[in-house]
Amino acid sequence: MRRYGLILAGGQGERLGHVRKADLRIGGIRLIERVAARFSALETPILVSIAQEQHLALDGAIPLPDALPTRSGPMAGIYAALDYLGEEVDEQSVLIVAAVDTPFLPENYVARLTEPLAAGHTAAFARWNGTDYPTNAAFRIAEVRNHLRALPMDSRPNGPKSLLAALGAAPVEWSDSSGENPFANCNTLEELIFLGRRARDAAK
């Protein structure tokens, strides 16, 4: 099973004053570096979806500008990754996706999220305490591509949630091993402050 990692970093950070989330720091470490650390064991370069005209600063990573004009949001990054990977991936290759604003991803993120795929599922997604996180997911690349090709262009999913539902994706529940939400993200200033405090508490 060849594994590819994709960080979704193309958001505009509107509720944070249009800042680039990837460069925000939690515990003194940029968000993109925190997420990239969970992909460090992959045998392939990390893919990072970015907005058009955006600059990427992550050593060794491959920037993938969001496709325009018909694709937007997290799906733009997933489509860009599928386009980039092309036809050369084998039937067993998988794409593991993570949102850039999830600084506390568990150390076993890749291993646990790909377990359902090894068992035959087409896709899987993260869940904590009953809450789903569709931007933290894994897909069998060839099967997802075939699924999308079978759909008319105007019927293709606009978001990861609908794509995962169509694929019959398996949830991977982390509340059994994580007392705090490992997929907590920061869309507002209040959430950013909270996650900063969490990082400081963890460092004590």
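Here, residue 1 is simply the first one shown, and the rest follow in order.
Positions of Cβ are set from backbone N, Cα and C atoms, glycine also.
From a predicted model like this one, the values you see are computed outputs, not experimental measurements.
What TrEMBL annotates here:
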- L8, A9, G10, K21, D66, D101: GTP binding site (BINDING)
- D101: Mg(2+) binding site (BINDING)
- 5-167: domain 'MobA-like NTP transferase' (DOMAIN)
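Model confidence over the domain 'MobA-like NTP transferase' (5-167) is summarised by a mean pLDDT of 88.
G10 (GTP binding site) counts 24 other C-beta atoms within 10 Å of its own C-beta, drawing on all protein chains shown. Over all protein chains present, the Cβ of D101 (GTP binding site) has 27 other Cβ atoms lying within 10 Å.
A simple way to gauge crowding: the CB of D66 (GTP binding site) has 22 other CB atoms within 10 angstroms, across all the protein chains here. Secondary structure at K21 (GTP binding site), taken from DSSP and collapsed to helix, strand or coil, is helix.
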